[in-house]
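To keep things clear, I will list the structure first and then write my remarks on it.
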Amino acid sequence: MAASNQSEVNIGMVGHVDHGKTSLTRKLTGVWTDTHSEELKRGISIRLGYADCEIKKCETCDEPECYTVGKKCDSCGGKLVTLRKISFVDAPGHETLMATMLSGASLMDGAILVIAASEECPQPQTKEHLMALDALGVENILIVQNKIDLVTEEAAIENYNQIKEFTKGTVAENAPIIPVSAHHGANLDVLLKAIQEFIPTPERDETLTPKLYVARSFDVNKPGSEIKDLKGGVIGGSIIQGALKVGDELEIKPGIKVTEGNKTHWVPIVTKIISLGVGGKKLKSAVPGGLIGVGTELDPNLTKSDALSGSLAGLPGTLPETLEKMVIKPQLLERVVGSQDELVIEPLKTNEVLMLNVGTSTTVGVTASARADKAEIKLKLPVCADKGDRVAISRKIGSRWRLIGYGIIL
């Protein structure tokens, strides 16, 4: 069970650009996740956005009207019981930002695939995001047919049939399809009921050695701060197993790149947890579920501008090795998704450059050897990962990285 104030489950908000992921997140949480200046200017998500909400239920009203995220019942104004606190991970839908979406997928216990009723289905990144969820093992999926306020009933039914056809044979074949207008808040009660039913809180073993996927890192100090007021660097991410508490020593891998002569190696960073927080509230300890901010004693220069994102953190001496080369068992898709021409995917080749996502890290590697059942890849940036972890594999096709499958680390 998550600590009070902590979310129990992470739900990804995925889908094609401009289909309404960020608007739906805002309607459910009250938080507009596009806060980066470039995002506001361009009107699209660029980084992963995070926001929490509590699903509540009125004990006197019938289903689904009894479900809300408000402070009182939308139907009768009565008192509410809190059922569960959840975290949304809002992933970018633009094709150039696929690496960011893939790094977010590793944090997701379930996902909401947002599809606009006002456009033909599937759009390129609708396909690519669904394949990514499949490749990275995210199975609990809901489909939101958004923007139903913009189409006629006939067009909405036709779009629904397109969605059913598109998801046939995929991990989302039996996913509920919920028509919603995020703009008007229509049918959100039905969506909340479906989240409760179809995206359960995973069973967590808090006795395992803790591991935290680092998705963001920051310098929280304002320019011109007095030296006595300076705070250590902050990392943000999700605990995937075990528990961390204030005062614990924390090791972060791969760490810092050190060059001696003409040789380069990576040195893990060891620090101390000064604070744990979620949504502006302090915690004494944190367990899996939701997105956690970890205050440390690190020089903020090491954490600024997401410098440590993609790292793995845990207790000193418990983390897996840092890999500079990786041996994987590849599982490739049949065709390239996300592009207009759905080309047949050829097997991996020796000396091919690939983009790999494992956990929250994104790296590029060159295949040293490639067979159908085994590939060895030399990494440009090392990763800290365990045997058995899933790796998303992307190949450069034209000017874009395209998801071509996944691999299991051997």
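Including glycine, each Cβ sits where the backbone N, Cα and C put it.
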The residue range that Swiss-Prot labels region 'G4', out of 54-57, 146-149, 362-365, is 146-149
For Swiss-Prot, the entry region 'G2' belongs, out of 43-47, 168-172, 308-312, 393-397, to 43-47
As Swiss-Prot has it, region 'G3' corresponds, among 90-93, 282-285, 302-305, to residues 90-93
Between the ranges 15-22, 31-38, 231-238, Swiss-Prot assigns region 'G1' to 15-22
Secondary structure of the region 'G1' (15-22) by DSSP, residue by residue, totals 2 helix, 1 strand, 5 coil
Here the Cα-Cα span from His183 (GTP binding site) to Cys73 (Zn(2+) binding site), rounded to a whole number of angstrom, reaches 20
Most Cβ neighbours within 10 Å, among the binding-site residues Asn146, Ser181, goes to Asn146
Binding-site residues Cys58, Cys61, Cys73, Cys76 vs Thr22 (GTP binding site), shortest C-alpha separation belongs to Cys73
